[in-house]
């Protein structure tokens, strides 16, 4: 359920401050550590609050606590009359319901059913435990506490460990409306990246000279090596920019999401399964690669899965292989001669002819499936610790030109 909410006036905010006091954390990050929140009330009734950091960090499939505590005069109001409500901010004035509790009655909504519950760590604890975290859980959450007369609320931001990757489909660059960019990311095991995630990726070295949609409807691109074809010698309009020679985020602002077309910047997180490479005795067209993965109880890996395996599981393979969208790519953690450049990254050969061009294939196997048996296909795994099935050291393979 999504609802719009009107802003409270100053009087209402002051009234809330005298009644129910909600504590959440405004800055910083933690990784599942228990929060300690102290509340001190002076004789005059003024309140001094200390809170723990309000940004929590998890990953896909993880379990996280969104911290929230409250305090008020229990003698005047019983705890059974307090309503606790969690919502997710989907737009500046739009919220979707996550969880609500009134006394012993608890209810989770939508995709949060079966995954969300109160921590229940004593009186005044409104913290929410969220299990099996998904990509869609990323974002800001509001914790609201209400008694008979007053209410107060605070925000907690849930961040995810992961990787940002630029994407365009076979049709070429600058072909996606905003809605099409959302679908393209979802098809490649991702979501549209946020501006904060793109900024973090830029700080981590991402350099990409094509503009793409972000989840807030803006269009930006990150430049770490300023050059004239990529917006000149300085960034504009976003953090890290400002026209200096150090690069930054080039920002086109908010664009018409149904008429204008750009690429997409997608975000993905930890893989529940793993990616491995199958190398046939002879390279195969795309249709043969798909059959080979299926024979191993796997599917052709998606672009986001390959990026996650490269970034988070350190998959390093100096051989191009088919991916599910028909592109051919390969992941490099340790740059070396004849492997496509001096920087780590996922190299792309674009979208080769699916019937005439021949490659191996990157496969993705879901959790619980057995390891592939070495045989006619060489194979590797996302841990990057070695290679079986008679595969040669990647550094000795035929050079790839990208």
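Cβ from N, Cα, C; glycine included.
Record features (Swiss-Prot):
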- 1-29: signal peptide (SIGNAL)
- 46-161: domain 'Ig-like C2-type' (DOMAIN)
- 68-143: disulfide bond (DISULFID)
- 132: N-linked glycosylation site (CARBOHYD)
- 163-268: domain 'Link 1' (DOMAIN)
- 185-266: disulfide bond (DISULFID)
- 209-230: disulfide bond (DISULFID)
- 273-365: domain 'Link 2' (DOMAIN)
- 293-363: disulfide bond (DISULFID)
- 318-339: disulfide bond (DISULFID)
Next item on the list: List the same-chain residues at least 6 positions away in sequence whose Cβ sits under 8 Å from the Cβ of residue 266 (disulfide bond), in sequence order, or say none.
Entry: 164, 165, 166, 167, 184, 185, 188, 190, 191, 192, 193, 303, 304
Item checked: Of 209, 339 (the disulfide-bonded residues), the residue whose Cβ has the fewest other Cβ atoms within 10 Å -> 209
Note to self: Distance check, please: Cα of residue 143 (disulfide bond) against Cα of residue 339 (disulfide bond), rounded to an integer number of angstrom.
What the structure shows: 49
Notebook entry, point to check: When DSSP states are grouped into helix, strand and coil, how many residues of the domain 'Link 1' (163-268) land in each?
Noted result: 22 helix, 33 strand, 51 coil
Check: When the Cα-Cα distance from residue 363 (disulfide bond) is computed for each of the recorded positions 68, 132, 230, 318, 339, which gives the smallest value?
Finding: 318
Next item on the list: Using DSSP with the three-state reduction, classify residue 293 (disulfide bond) as helix, strand or coil.
Entry: helix
Notebook entry, point to check: Near the Cβ of residue 132 (N-linked glycosylation site), how many other Cβ atoms are there if near means within 10 Å?
Noted result: 12
Next item on the list: For each of the disulfide-bonded residues (68, 143, 185, 293), count the other CB atoms lying within 10 A of its CB, then report the residue with the highest count.
Entry: 68
Check: Cα-Cα separation of residue 230 (disulfide bond) and residue 339 (disulfide bond), in Å?
Finding: 25
Check: What is the Cβ neighbour count of residue 230 (disulfide bond) at a 10 Å cut-off, with all protein chains included?
Finding: 18
Next item on the list: Compare the C-alpha of residue 339 (disulfide bond) with the C-alpha of each of the recorded positions 68, 132, 209, 293, and give the closest one.
Entry: 209
Next item on the list: Give me the Cα-Cα distance between residue 209 (disulfide bond) and residue 293 (disulfide bond), rounded to a whole Å.
Entry: 33
Next item on the list: Would you mind ranking the disulfide-bonded residues 318, 363 by how many other Cβ atoms sit within 10 Å of each Cβ and giving me the lowest?
Entry: 318
